[in-house]
């Protein structure tokens with residue numbers, strides 16, 4: 001690992017190993033090079049004052065803002081496009097949207113492995129951004145060329161899209177999901193890489209970066225959910241998809257513009273391979289006794305890590321069965337197999353896998369939260385279609401109500417950073433106000449309230465439908481769509497706590513050479529949440545329509561019980577919260593050696 005050079009007042013220089021050392025605030029101002037092993041574009045050690053920090057972040061935040069504008073420009077109103085233009089049914093459209101969104105949050109595993117093992121985060125972002133742009137262009141063509149669109153409805157008959165039209169549309173859509181797979185797990189980690197972990201001041205700044213990273217996401221989402229949704233509903237889908245395509249091009253330009261200012265972390269080899277090596281080595285030594293003295297376990301001397309781009313990790317007493325992989329036997333010495341990682345692993349390599357195992361229960365409990373979040377682009381929109389969308393002389397597209405989720409985030413981020421953190425710091429003594437786990441737990445509580453608010457509104461909507469004799473008519477009821485604002489606002493508040501908290505958690509707690517992978521795992525929960533939502537929808541559709549009943553979510557929601565669906569999610573969320581609290585209390589944080 002690189003050494004940290006400290007320039008003293010007397011002009012003398014002294015070197016000290018960077019591993020696990022944090023500079024004091026006074027010393028951090030005198031450091032010449034970063035202490036986390038970061039390099040510049042050419043692979044040379046980087047000078048602190050010339051690179052990284054907030055100086056480099058505007059280019060990364062600009063990239064994320066434009067890319068998210070492009071993504072939400074497609075996803076926010078996608079259910080409307082499927083139902084109104086491709087003539088899908090309500091349940092089918094919702095399932096298609098959640099399946100696609102789920103895929104968008106599973107493909108990050110591909111990008112994360114490539115980034116951590118081979119390409120590094122910079123080149124992974126660059127490559128997959130190009131794929132993303134191509135997908136956007138194809139999607140725009142599918143909504144612009146008449147051959148690629150089904151003919152409009154004639155009365156009540158709406159001709160379905162043919163195989164060619166579906167193929168072109170979904171080709172563009174799933175190229176976007178592949179493209180986002182290389183961007184999402186890397187861009188937040190790449191931004192955090194601009195702050196030196198071994199510098200106390202920069203570590204605090206990094207915590208603030210995650211807040212403003214999420215803020216930039218929602219600025220893009222705000223434009224999408226308001227202006228772009230209006231363009232799509234009132235001017236045309238070709239232009240409505242074309243504008244996000246242009247912004248995706250701007251995202252690529254913004255990213256490349258900051259190249260000379262970036263700090264880069266070298267890829268450390270395949271994290272999957274290293275995890276498999278630990279498992280194999282442990283199984284080979286299943287009957288070997290692990291020494292009580294952890295200093296007898298195998299580790300490189302002088303604080304040097306065998307993993308490129310990683311610092312040594314301190315041994316922990318949990319999951320001691322995995323320590324067998326770092327136990328040196330007489331057979332290892334005789335066979336000279338200490339250098340074979342499939343037989344003997346370092347303590348740091350073993351601890352990497354332990355960290356992943358310890359994070360798993362926390363990771364799993366965020367899946368239900370993501371299922372709640374998925375309702376904004378599906379069931380909330382379909383509920384809004386059955387409400388009065390008139391606000392004065394204007395007609396509000398139902399998908400535009402997600403603007404209030406974005407507004408909520410935009411309000412809560414600076415409020416959290418400037419008021420809640422200093423206030424909480426007085427009580428907790430934590431420099432960040434709340435721990436990442438506390439922050440995530442607060443968001444889970446708020447998400448339950450959002451589902452309850454949506455259920456209460458649906459109960460009122462159905463009451464009006466019955467009193468106005470509209471049950472058998474597939475028409476909106478005379479209840480203003482603005483009553484949906486509280487549920488969107490609550491979802492936005494829960495995001496600031498849970499999503500941003502999980503971003504911090506999975507970056508800070510991950511091993512140095514697994515940060516893209518752990519960020520991808522955080523994103524995978526969003527994908528699995530979408531799949532869970534689609535699965536619940538499928539079960540609800542199956543069981544609630546038995547015996548000839550219209551079901552909870554029929555095409556005519558006036559005949560259904562969407563409120564039951566929201567209460568079901570609220571109940572699952574409460575059960576999930578109980579499990580989360582148990583897992584969070586048992587979690588042990590990682591320790592650098």
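Numbering starts at 1 and runs along the chain as displayed.
Cβ coordinates are placed from backbone N, Cα and C, and glycine is handled just like the others.
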Looking at the ranges 122-144, 260-282, 283-305, 306-328, which is given as transmembrane segment in TrEMBL?
122-144
Given the transmembrane segment (212-231), its same-chain partners at Cβ distance under 8 Å and 6+ residues beyond its ends are 57, 60-62, 64-73, 76-77, 188, 191, 239-240, 243-244, 247, 397, 399-403, 405-407, 409-410, 413-414, 417, 492, 495-496, 499-500, 503
Apart from its near flanks, which chain residues at least 6 from the ends of the transmembrane segment (488-507) lie with a Cβ under 8 angstroms of it?
188-189, 192, 207, 210-211, 213-214, 218, 359, 362-363, 366, 369, 372-373, 376, 380, 401-409, 411-413, 416, 432, 434, 436-440, 442-444, 446-447, 449-450, 453, 515, 518-519, 521-522, 525
Go through the chain and flag residues at least 6 beyond the ends of the transmembrane segment (355-376) whose CB is under 8 A from any CB in it; none is fine as an answer.
98, 101, 105, 275, 313, 318-319, 402, 405, 437, 440, 443-444, 447, 450-451, 454, 488, 491, 494-495, 498-499, 502, 505-506, 509-511, 514, 518, 521-522, 525-530, 532-533, 536, 566, 569, 572-573, 576, 579-580, 583-584, 586-588, 590
Tertiary contacts of the transmembrane segment (437-457) (same chain, 6+ residues out, Cβ under 8 Å)
362, 365-366, 369, 372-373, 375, 379-380, 383, 428, 483-484, 486-487, 490-491, 493-502, 504-505, 563, 566-567, 569-570, 573-574, 576-577, 580-581, 584, 587
For the transmembrane segment (164-183), could you work out the same-chain residues 6 or more beyond its ends whose Cβ comes under 8 Å from its Cβ atoms?
67, 71, 74, 86, 100, 103-104, 106-111, 114-115, 124-125, 127-142, 147-150
